[in-house]
Structures are given as C-alpha cells and as structure tokens.
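> Okay, here's the structure, questions in a sec.
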4 protein chains.
Amino acid sequence: MAKDTKKKEIKRIAVFTSGGDAPGMNAAVRAVVRTGAYNNLHVFGIKRGYEGMIDCDLVRLEVGDVGNIMHRGGTFLKTARSQRFMTPEGRRTAYEALKAYDIDGLIAIGGNGTFTGAMVFSQEYDIPIVGVPGTIDNDLYGSDFTIGFDTAVNTAIEAVDKIRDTADSHNRLFFVEVMGRNSGFIALNTAIGSGAASVMIPEKDATLEDLVDVLKMGARRKKLFSVVIVAEGNHFGGASEIAKQVKELFDFYDTKVTIIGHLQRGGSPTALDRVLASRLGFSAVEGLLEGQAGVMAGLVNSKIKFTPFEEAISKNRKPDNQLIRMAEILAI
Amino acid sequence: MAKDTKKKEIKRIAVFTSGGDAPGMNAAVRAVVRTGAYNNLHVFGIKRGYEGMIDCDLVRLEVGDVGNIMHRGGTFLKTARSQRFMTPEGRRTAYEALKAYDIDGLIAIGGNGTFTGAMVFSQEYDIPIVGVPGTIDNDLYGSDFTIGFDTAVNTAIEAVDKIRDTADSHNRLFFVEVMGRNSGFIALNTAIGSGAASVMIPEKDATLEDLVDVLKMGARRKKLFSVVIVAEGNHFGGASEIAKQVKELFDFYDTKVTIIGHLQRGGSPTALDRVLASRLGFSAVEGLLEGQAGVMAGLVNSKIKFTPFEEAISKNRKPDNQLIRMAEILAI
Amino acid sequence: MAKDTKKKEIKRIAVFTSGGDAPGMNAAVRAVVRTGAYNNLHVFGIKRGYEGMIDCDLVRLEVGDVGNIMHRGGTFLKTARSQRFMTPEGRRTAYEALKAYDIDGLIAIGGNGTFTGAMVFSQEYDIPIVGVPGTIDNDLYGSDFTIGFDTAVNTAIEAVDKIRDTADSHNRLFFVEVMGRNSGFIALNTAIGSGAASVMIPEKDATLEDLVDVLKMGARRKKLFSVVIVAEGNHFGGASEIAKQVKELFDFYDTKVTIIGHLQRGGSPTALDRVLASRLGFSAVEGLLEGQAGVMAGLVNSKIKFTPFEEAISKNRKPDNQLIRMAEILAI
Amino acid sequence: MAKDTKKKEIKRIAVFTSGGDAPGMNAAVRAVVRTGAYNNLHVFGIKRGYEGMIDCDLVRLEVGDVGNIMHRGGTFLKTARSQRFMTPEGRRTAYEALKAYDIDGLIAIGGNGTFTGAMVFSQEYDIPIVGVPGTIDNDLYGSDFTIGFDTAVNTAIEAVDKIRDTADSHNRLFFVEVMGRNSGFIALNTAIGSGAASVMIPEKDATLEDLVDVLKMGARRKKLFSVVIVAEGNHFGGASEIAKQVKELFDFYDTKVTIIGHLQRGGSPTALDRVLASRLGFSAVEGLLEGQAGVMAGLVNSKIKFTPFEEAISKNRKPDNQLIRMAEILAI
C-alpha cells in the first residue's frame, strides 16, 4: 500500500487545519503530536492553515501542549481559507517557510479545498503530505466517515428533537434546513434519526409534488405535526423557498422554517469523532513514516486506507440508495 | 392576601395548558394532579386549552397518569390558541362543559393570552380560577421567573457556545436572534451568559451607531470574533435587518446571521423549571382550596404570592437596568 | 445468503425486546412496525420479552403507535429476563401464545441471552426468528456495532469530561469504572475518547506494575491529573479494588473512584444508534420476508449481513489490538 | 450598607479561587477582571488560592485574557486547599507577597473554608477582602444561590433521568447518592426535579421505617420503579448503607445503588450560574471600590447584598420546610 520510494528520513513534521473547521480536529492534532513524539519526531503546529504557512507562523508542539483539548470544538490551531496559496508565489513562500524550519513532512487536516491545495503543492515541491479528512460534510471518497460529521448530525437531531417537543401539540409543518452544500449526508441521517416525514437532498430525484403527496398521506392518518429536513444544497432552493412553494400547493398546516446554521459546526465532538480523529491522526503520522505521500488517510470498513488526494476529491461519494429508500418507508 | 369569601367547597378541579407551550408545563400539571389527589380532589385534564374546554375534551387524571412526564418538553395535555373562546358563545359552551363535569375550580397554565381569557371568564361565570405562569418570555408581573424561561435561556446559550467554538478562528461577526417579541429577558440573559459583545432589546435605548462603536472597540483590541444577541422584537428589525445595516456602517467582519427559532421552546426542562413548576402547580391547588380566585400564583423573592390576573398581565415587567448596564461593562 | 427454503407466507409478525435494555431499542421497534406495515403485515408487540410471550401479553402496533418514540431511552415494550423461558414448559406456553395470535415470524431485539433463547426456541418450534443486536456491550459477532453501544460510550465520555473539568486543578488520580462485564469495548473507546492515561480491560494483558509505570511517567512530566478507565470486568477487580492496590504501589496522587453505573444504559440515543437501529429493524423484517430464520441481522462494513445465532453468540469479538496499542501511545 | 470608613484608594486588586471548585467560577473571575478594567484598576489573578498567594504566584489579567472562558467548568486560576494558610507564618508570607505586588484589595471566590481564611486574614492585616460565594453546596448564609449549585443540580437530575429511562421497565429500586456533606440542598432539589419517591437529607427527621412505608405505598399502586435520592451527609450513612438496611426491611424490589460523585462538580455552567457569577463578580468589585470589606457579596431576593464573613459562614442555611413537605406530597 505504501509508495515507499527511496524515502528521506523524516525527523520534523508540521500539522495544520484548513478550510471550514470541524469538531474533532483538536483530537486529530493531539494524535499527530503524540504519535510524532512517540516516534521521536519534532512536531510543529502551523496556525491558520495555508495562511500561517505563508506567514511562517509555526509553533513547537510538545506532548503536554495537546493535553485537555480533545473535548473542545473548533481547532486550537485556528483555520482559514487562503487566496494567496492559490498563487504560485504564495506556495513558494510557504515552501520557503517550511524549509526554514527544516520540515520534512506535513499532515493536512481539512476537506476538499485543503486537499486540492495539498495536491498541487506536493506536485510542485518535494515534501510528502498526508491528509486527514476533517469536514462535517462527509463527502470525501476514501473514508466511511469524515471527522465532524457524526457531531454535526447529532447536533441537528437534537435541534429537531426540541422542535418536535414543542410542535407536537400544534397542527404544524416544519421545514428544517441543515448543512450540506453539495451533499445530502447530514440531511439524510438527520431525517432518519429524527423520524422526519421527508428529506430533500441533492442526490434524490423528487418533485415538490412528491413531497406534497407524502404530507397529504400524513394528514390523512391525522399526523398533527410533520418535519421535512432540507439540505442547504438542493434543486429547489433553501428551506424558506421550499416552504413557500409547498404552502401554495397544500395549505393545510401552519408552516414554519428553521435554519439550524452554524451551530452545526461547533460543540464538543462525539465519541465517534474523537476516536476517528485519533485513529486518523495516528495513522497519518505512521503512514508518513512509512513513505506515504500525496494521500489521505481514511477509515474504510474499519481499516485504515490511504487514498491519493486526486481520487479523494474527485470521486463522487453519495449516500446509499438503500438508505434513501428506507427513509421513505420508515416515514410512513 | 386571600379573597376568602364564603367559599364553596371544592371537590373537582380541572387543569389545562394554553397558548405557546413552555418546557416545565408537564411538571406543573403533575404537581396539580398529585396535590389534588393528596387533598382528595378529583382532578381532570382538559386537552388543548380553551379549545378542548369548549369541545368538552376532559380526561380524569390519577396519580399514576402523571408519572414519568416531568422530564419531557412540551405539554402532554396539548395546547392551542382559541378564537372561539374570545366570543361569549364560546365561553358559554365552555362553562356548560365544565358544569357537565361538575368542575368547581380551574388551574390555567399559560401566559398573557391565557390569563386574559381566564379573567374575562371568571368575571362572567362563577368559577374560581388560579393561574400558573408558563411562558418562556418571563414577561408576567407577579413572578420572578415564569416556567420555561430558564430552559429557553439555557438552550440559547448552548447554541451560542457552539457558534463560538467554530467562529473563534475566523474574523467573524455573528448576529444571533433569540425569542422575545416584546421583551428582552431571554436576549439579555443569553448575552450575559454567552459573553456577547452587545445585545439589542426593546427595553434598551440604543442606536445602531452605538452598536458599531462597541464593535469597533472590539476590533481595536483585536477580537477575532464577536456575537451580538438580538431579541426578536426590537426597534430595528430582526437580526438579518440589523446585520445588513451594520455591514453598511462597518464592513470589517465576515458577517453571519443565525435565528435560533423554535428549538428554544423545546427540550427537557432544566432543574429550575422543574422545581418552579412543581411549586407553582402545588401552590395553585392549595390557593384554590384556600379561596383564591382570579389570581396567578407566582414566586416572588422565594415566596409564593398571588397576583390578580389584571395586574399580572397589565403591569410592565422589565429587565433590571443594572443588569443591562453590567452586560455592557462585561462585554468590553 | 438467504436460507430460502420453501417458506410459508408471512402475514403476522411480533417484535419484542429482551434482556438488558439499550438506547435505540425504540427506534428498532419503530422500524419493524413501519417496515411491516409497508409490507402489509400485521405487527404485534410483545411486552417484557419472553415473560410477556409466556403471559400472552401482545398488543397490535400500528404505524401511529410508534411515532414520537425514537428519541426516548429504554424500551416502551419493556424488557425482562425470563427464568421460565429457560424451561421446556415455558417455551411451550410461549409457543402456544404465539399460535393463538397466528404469529408467523418473530423479531427478537437483545443480546447474548436473548439470542440463546431464540436459538433454542427455533430449534424446538417451527417459527422463523430474526434477531436484532441490542446491547450496550458491543460484544456480538456479526455486527460492527450493536444498538446502544455508541450512546453508552458517549455517556461515559461526557462523565469523564466533567470529572476532568473539576480535577484538572488538583493533584488527582481518578479511577472511573464503566460497564462491560466480559468485554472492554466501552472502556477502550471511553479511554481513547477522553484522553485517559490508561485503560484496564479483560482483553489486554497488563499488570498493575505496568499501570504504575505509566502513572509515574505522567507524574514526571508534571501531569496534575490522570484518569484511568476500568472495565467492570477485568482481572484485578473493580475500580475501587484497583485504586486500593495502586495506592499501595504509588501514593503520589490524591486518589478518587467513580463508578458511572446504570446511567450508561439510559439517555436519548445518539444519531448513530438511531440510524443503526432503524436499519437493523428494517432489514430484519425484510430478511424475515425473504426466508431468513435463526439469524441475527448485523451491519458489517456498512452492509447488512445475517449471521446464525450460534455464531453470533459463540464467536469471540474483541477490540482491535491496533486500537489498544494506539490508546497507549496517545496517552503518553 | 457600606462600611465606608476613610478608605484608601484602590488601584490594584487580586482575585483567586479556593477550596472545592464550582462551575461558574470562571465567569466570576471574568467579571472581576472586566469590572476592574472598566474602573481602571490593575487586576491580578492568584493561582491555586491561598497556596499561590503564599508562593507569590500572581499573573496580570487583562480584558482579553478572560475571553472565551465563561463556558468552561472548573477554574482556570486553579484551586487548592492550603494547610499553610492556617498558620500565622503562612498568612504573613501571603501578606508580604500581596504587598510586593502593591495589591490594595482582594476578591475571594469560594465557600466556607475560603471565607474563614479570609476573615482571619482581614482581622490580622489591613487589606479589604470581598468574597464571592462559589460552592455547589448552596450552604452559605447571605445568598439565595451560590455559584455552581444550579449546575450541580442539573447534572444530578440528568443522571437520574437516564437511570429512569433504563429502570422503568424493571421492578427496581434505585438509591442515588448526590453531593452535600452537611446540607441537603442538592438532594432536595434533585428529588423534586426528578420525581423521586423519597429523599434522605440531614435537615429532615425521618426514620428508615418512614422510607419503607413510602416504598410500600408505591408498590401498592404498582409502581414498577422507584428512586430514592440520598444526600452524601445524612444520619444513616451513604446510599449503599441505606440500601442494605432497607433491603432487610422490605425486599420487594431489585435494589441498585448509584453514587454520582465528582462529575457533579464539573460541566459547563448553566445560564443561571453564569449570570449569577457575572453579577456577583461585578458587584464584588463595585463593593470593594465603595469601601466594603470583610463581607461576602450575595444575591438576596434578586438584589445584591453584602454579608459579613462571620455571618455567612456561621448562620445556618437550611432548605425551606415547605419544600420538604411538598416533595413528599408530589412523590405519592
């Protein structure tokens, strides 16, 4: 599995988080630092992702520096999106910063954008990079779960549970919008886990008429209350737009819209995200030491697998069609 | 304090929840049922507030029927807003329903609208009513806390905590809208408890320029992240409107808006709300038996106090000015 | 995969929960009921597991009866351990009860004991049974996760997070005992997810001297605070016993013991447990209709797989050795 | 109310937390620092309470140093119990440390022990001290609530809610022990808020026979499940001891014991604790500036009140007898 070419010995590595933050990133950084220390590496943290790399904003991270951070949301290394890293000049400056610190290998924690940058960078410069999938969207090929996804779904479901408490006494129809710009993973799992009447996701072919049919069926069996989960990204617009159009077709319920929004990105990571982040951070360092480069460490069928960045970001990962069908059947 | 006129002996009482639901209502109903049973009363629950009263939708509630419900959000008696009860005919039908069941006294759990109805009803018909303040808004005169308020504030603060997790790495300004149509209690307590930079509430005189001054001050001391809490009801419009106007005056931060919405009404009630609801439900029954009528049971300075409905709904209850001033000082 | 012998058409099925309860069981029952309804089956719920089967305590479950239960801990069908079902007479009575209701198939939700009973029953009587793994212990062969495990681990980690909050200012050593009589899954995942200094589980060969060495190392790098997670079942006795013995070997810290206990069995199920329970309940009914019998529905590598009861309960499932090793490295 | 003698102008103050930690202490420190800054004071934090005072372990705290800490449990200033401060030499060394930093006033956050130390210290040395009540026990005279109490009660109730989930299907009797060495506040509020069958607290005269009577009554009305809340400090011993003795008198239920333990001290503070801590920290500084000394800032009937240390620690504060009676009635 390892590319294992005549690898240069790795003694000093740097880790950073980039792009949108995700709960569990701190656990991944902790694992990188401690696995590095165990292997006698010097580990550095780069602040604010590629921005900090360009600005030469590195700090030495010892074992004790990452104690008591695993349970915190966000990322203590901070994160950013970097325009400068998209230019050749930006990347050259970044490389020079890494050389100034004698960095032999990088661990990049992030999503699509992060790995696109890492791929270009590792084509231009001779520095091995191993990626760790950290994004609530769960849309990377090469890992059954990405770090932060489980926490985001739990947050969304807790919100719907609360809405259900209050709504179940009224004749109400709630449209709840969850995150997921190009992907319906959060929405589908939230819908199944909250017992929603229906779910609107980019991966599912459905018309608003189909949705109205489902709602009418619910009304016939005297459901006092229905929730529809809407992925941020879908063919019909956001939850507000869908609510408006549905109301025109079927004006039986008192219709409400809730957009859960940014709180889905925060919160203390769940057990799954902490353990996953620990495993992936740990395996990324081990992979780097074994000669892996230009790959993302993922968990596939409970085993660690390394997938080239190019595949990880270009291959499409979609929710299982069986799950989509089941969601419909259980919502009856 | 008691009106204690030649009171008719009370043997059968009914309890209902009305208006917007609030976490803790179930604990109040439980307390009414059990205190009733302890005093050898027959207790009935009326479904869906005044609507169910008009429809004669009463059920006998025994001690065991209210086991295992205290920790649930919402109200198992359901609630509704009733147009019919606003008409003399509606109220007459309701009264006849109560007479059919030989009800001698009522416990009404709700807010402003509920007590307005109760006041009119008790002026027209000879049936003693004691109210229990159940509303997340905390805006009734005659009780230091209303049932549901503490839970709503905790829910809002948890949401802001999560937003803070994710935002603190970015240069961001969040406008978070919380409930409170005419009252800033939830917003003010959320702002203090979440360390917000500012709060916009109906009770506070402030211009958007004042707000911008505060934000500029924060920017000067290099705050990477600020939250402004906005009460649903305020002079400038909702959070989205304020965000837009502030952006025109001071476009330094990446501005985001989150409207927490209906989830503030749900959730398992907090300890305070459960204990408060238990005390008020308990005292409402004891008050009814001692001859109280046309009053709301409240907790004032840790003691039970009965306040005439008229005062409870007409006297203005506002957040303490000292608290508003303190919120500003601690936000520096 | 299906045994698909000349199957009798299935029209009426019954579902029950048995043994220790686990969060998510309600979601599994809901899925069974709704998948049954979708396939035009009559679905019955049996109360209190095998006890209720013997007592002929069955209720018809319609689609609407399982609304609004998914988020609740415990099992609304109740559960029990049945001595009577271990006798041939008990099982005969149970079979007669099922025949009286014309039940053609059973869904059994539970763990080891439940499936042992189911296996014997299906050898004696001609009634197809499909099992659904519901136990917080995660110790059944044939499913990567059992229902309730994820919730239990999250509960344990939340408890340790709180202990950490308070302890991190004192020179303290906490021994925290979690559930798991014969299996270290909960303990190992809690240890990794809470950043514990060490973990004592039945599957790991370690002496108390090894543990003391780890603690001494922590003391040397001036850790003010350490947590050791102890599985209920292990070679050295419970947390209190281990704490006593460690104190004799290394009396540096102020030593405390917390036994998390039964609260690990409760609580609203996590997203993962709700989705898992929905999938397994759904697949169990589909399996039954396709001719499966004497098997447990499990999730292996994200796919549904049916495993004979005998294998499910006899084959040993142990935590991954790689994970155990990683836990030690990250704890440095 | 102010002692307002010819006060020396206060320019430099120090704040510390001492004794057992309590959720909300961080919010109190934040309020002290920011109110100090607003009044142009130099504010210092003393690490580890009186220990750090003796060791001259002070740090300058600026406005930005206390950002993003309010939602964290524990105390970032750390805390300790100090034997040395109980000796005249220890106090002299402490005083000299304060003089070396030109400290003109102290804010002491803690409970009984903390204020006993502060009282002695302020009798011996001319340095004004204002106390802030921070203890989960709620046992200080002069404040309706102490910081941390509300969080501790909520933690205990959440634990009982989870136990209830799992237990309600079995024929079980749970004894749950909560904190409170000399005081039943946590136990009483937990009992009311969790719907417990009974509560054993030091302030209530009751025999085990009384308890057994209550349990028998529950058994008669076919309660499948009962919880008894036991305060750590009570006449009969801990929960395990009581469970044993009750089992001898009434062996109907399967009896279990859970000791919630140290997790009651941790966790993110509730809204009430954050707002309370903010108010008390704020008022302590304002009080100090107005000449208060040797007093504890408390909240009594929603107003700030200063109570001499001697009264705060010596006057007995007990739960309201009405509440105890109500708890019994609602448990029927």
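Placement of Cβ uses the backbone N, Cα and C atoms for every residue, glycine included.
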> Among C:Arg91, C:Arg92, C:Arg164, C:Arg317, indicate the single residue that TrEMBL lists for the ADP site containing C:Arg30, C:Ala31, C:Val32, C:Val33, C:Arg34, C:Arg221, C:Lys223, C:Leu224, C:Phe225.
C:Arg164
> Per TrEMBL, which one of C:Gly20, C:Gly24, C:Gly180 shares the ATP site with C:Arg81, C:Ser82, C:Gly111, C:Asn112, C:Gly113, C:Thr114?
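The one candidate that TrEMBL places in that ATP site: C:Gly20.
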> Rank the binding-site residues C:Arg30, C:Arg34, C:Arg81, C:Arg221, C:Lys256 by how many other Cβ atoms lie within 10 Å of each Cβ and give me the one with the fewest.
C:Arg221
> Could you tell me which of the binding-site residues C:Arg221, C:Leu263, C:Arg265 sit with their CB under 8 A from some CB of chain D, listed in sequence order (or 'none')?
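Qualifying residues, whose Cβ lies under 8 Å from chain D: C:Leu263, C:Arg265.
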> Look at each of the binding-site residues, C:Val32, C:Met179, and point out the one with the fewest other Cβ atoms around it within 10 Å.
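Minimum Cβ neighbour count within 10 Å, taken over the binding-site residues C:Val32, C:Met179, occurs at C:Met179.
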> Checking the binding-site residues C:Arg30, C:Thr135, C:Arg181, C:Arg221, C:Leu224, C:Arg265, which are within 10 Å of C:Asn112 (ATP binding site) at the Cα level?
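Within 10 Å Cα-Cα: C:Thr135.
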> Could you measure between C:Arg34 (ADP binding site) and C:Leu263 (substrate binding site) for me? Cα positions, answer in whole angstrom.
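Cα of C:Arg34 (ADP binding site) to Cα of C:Leu263 (substrate binding site) measures 30 Å after rounding.
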> With Cβ-Cβ distance below 8 Å and at least 6 positions apart along the chain, what are the contacts of C:Ser82 (ATP binding site)? List them in sequence order.
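Correct list: C:Ser18, C:Gly49, C:Tyr50, C:Glu51, C:Ile54, C:Gly90, C:Gly117.
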> In sequence order, which residues at least six apart in the same chain have a CB under 8 Å from the CB of C:Thr135 (substrate binding site)?
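Sequence-distant Cβ neighbours: C:Gly19, C:Gly20, C:Ala22, C:Gly110, C:Gly111, C:Asn112, C:Thr146, C:Ile147, C:Gly148, C:Phe149.
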> By the DSSP assignment reduced to helix, strand and coil, which category contains C:Met179 (substrate binding site)?
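The residue in question, C:Met179 (substrate binding site), is coil (DSSP, three-state).
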> Binding-site residues C:Arg30, C:Val32, C:Ser82, C:Arg181, C:Leu224, C:Arg265: which sit with Cβ under 8 Å of a chain A Cβ?
C:Arg30
> Can you grab the distance from C:Val32 (ADP binding site) over to C:Thr114 (ATP binding site)? Cα atoms, rounded to a whole Å.
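Answer for this pair: 17 Å between alpha carbons.
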> Sequence gap of 6 or more, C-beta under 8 Å: which same-chain residues meet both conditions with respect to C:Thr114 (ATP binding site)?
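Result: C:Ser18, C:Gly19, C:Gly49, C:Ala108, C:Gly131.
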> Using the CB centroid of C:Gly20, C:Arg81, C:Ser82, C:Gly111, C:Asn112, C:Gly113, C:Thr114 as the ATP site centre, which other residues of the same chain sit with their CB within 8 A?
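So the extra residues in range turn out to be C:Ser18, C:Gly19, C:Gly49, C:Gly110, C:Thr116, C:Gly117.
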